[in-house]
Amino acid sequence: MAEQPQPPRPAPPVHLAEQPQRHAPGPHGLDDPLLEPDDAYRESAPPGPFGGGAGASVARAAAMIAGVTVLSRLFGFLRTLVFSHTVGHGDLADAYNSANQIPNTIFDIVAGGALAGVAVPLLAGPLGRGERAYASRTVSALLTWALGALLPLCLLGIGLAIPLGALIAGPHGPAGTYPDLVGRFLILFMPQIPLYGVAVVLSAALQADRRFFSPAIAPLLSSLVMVTTYSAFGVLDSGAANDLDTLTDSAWLLLGIGTTLGVATLALCLVPAVRRAGFRLRPTLRFAPGVARQARQLAAAGMVTLIAQNCAVLGVVFLTNYADPTGGALTVYNFSWAVYLLPYAVLVVPIATSAFTELAALAEDEDRAAYRAGIAATARAVTLAGFAGAGLLTAVAWPMASLFIAPHSTGPGAATMAYGLLAFAPGLLGYAAIALLGRVLYASGHGRDAAVATSIGWLVVFAADAVLIFTWHSQPVTALGVGNSLGMTLAGLLLLRAVRRRVGAGVFAGLGRTALAGLLGAVAGGGA
């Protein structure tokens, strides 16, 4: 699966303060030969905001997530690199990427934001208190509702795939051949919609239970499937990358089926970990008493955010197909996005992920002092990570572009990708702020504030993209990168203001000095 532009989903965290009774005893100790990886990384800590055992557990959780995330992102990077040298960045790649974005977008709009925003806040407290039956019922209801909504959409999407493909394709590519190929890919990609639902719910359940290993390793396994698929395509029919008329049925079927198998791997590889964690899942539409209302409130905020974000994502698909009929811009944009996500995923995600569950638990306990201290420490770390990532992107823009795009290949040249990466780099800090501060607001029950700020940011991305891509017609990827940076920066600033208003004075203690140090480091690193 080619790297897709994705929003940071509300996911789990870092261990701030906890009450000692928050964790029920596990079935095995750390020396038990039957211990599974997720059991080893399921943390517990005595009270104290980043103090004593809690601080150590934060470091252990973040280090584990960082290690696995590095591996997963490296495989994801390899996946995109293999794609660039097998499927290429011409009409076939654009048709594939145009179609492959649609199932994920449909899922996000209908259920993605709702599920991601709901699951961890609903489950973190009960699981911390050892109420596993209660948590199992909540996970079961989330899965049932998700599949009940997503399976019909999958079938509807298959039925409408051909006309939808023509709409997406616009004037792009060879008339008849290109839109038909987009439609055929859509038929094979639509089953991804319910699979994404399963993946999000199971991943959130494990993260809420402080079992971070399996959710972190799942993308790696999915990437292995995709690397195999793209490599097999390169052996089978590599010449079709630049000529759709020579594309064989076996080649496009291999790409389509292999991609959906990659998403299936992402979802189904979590099932054994969920069973080991003790979740007992049964089909049910009924939540535990009091949960349904909270779920609806959190879901509404999550859906608003994802709808706005996917306006920007779909905007990229349509704008590149309609504004760049010669081809290649969408795929080069995806290459740039894959590189953009690498420092974000390696430097920012481990901190934000390891923080969310603990922040949700502290918010439920109404321990405001510990909550503020945890936010302050995590915000400083994320700020440094964001600036470091921006500096790194700036420094590697040209080498990365040359790595993905061969000097004499057809379509957009390496300069298109390099300038795009430079345009994306400033927005990484805002994107990092969304990853942390959106979670902070969700954890404290202020999901509406997070939704408004993030939605405004993504709508600005959409509007800026629409204006800039026609203004800078010769550099569409640069235009889209600038639009993304403008929107993400605005979203980050709005989230800072919202968290300060909701949590109170001192929540960002020391952040100004940290930001200045990070900026100087980014400038020095980017200019090296």
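Each residue, glycine too, has its Cβ placed from N, Cα and C.
According to TrEMBL:
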- 1-49: region 'Disordered' (REGION)
- 1-13: compositional bias 'Pro residues' (COMPBIAS)
- 61-82: transmembrane segment (TRANSMEM)
- 145-169: transmembrane segment (TRANSMEM)
- 181-205: transmembrane segment (TRANSMEM)
- 212-233: transmembrane segment (TRANSMEM)
- 253-274: transmembrane segment (TRANSMEM)
- 295-319: transmembrane segment (TRANSMEM)
- 339-363: transmembrane segment (TRANSMEM)
- 384-405: transmembrane segment (TRANSMEM)
- 417-438: transmembrane segment (TRANSMEM)
- 450-472: transmembrane segment (TRANSMEM)
- 478-496: transmembrane segment (TRANSMEM)
- 503-524: transmembrane segment (TRANSMEM)
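Of the two recorded stretches, the transmembrane segment (417-438) lies close to the transmembrane segment (478-496), with three or more CB pairs under 8 Å once pairs fewer than 6 apart in sequence are set aside. Each of 145-169, 181-205, 339-363, 450-472 was scored by its Cβ pairs under 8 Å to the transmembrane segment (384-405), and the highest score goes to 339-363. Beyond its flanks by at least six residues, the transmembrane segment (253-274) meets 1, 36, 38, 87, 96, 100, 184-185, 187-189, 191-192, 195-196, 198-199, 202-203, 205-206, 211, 213-215, 217-219, 221-226, 228-230, 232-233, 236, 281 of its own chain at Cβ-Cβ distances under 8 Å.
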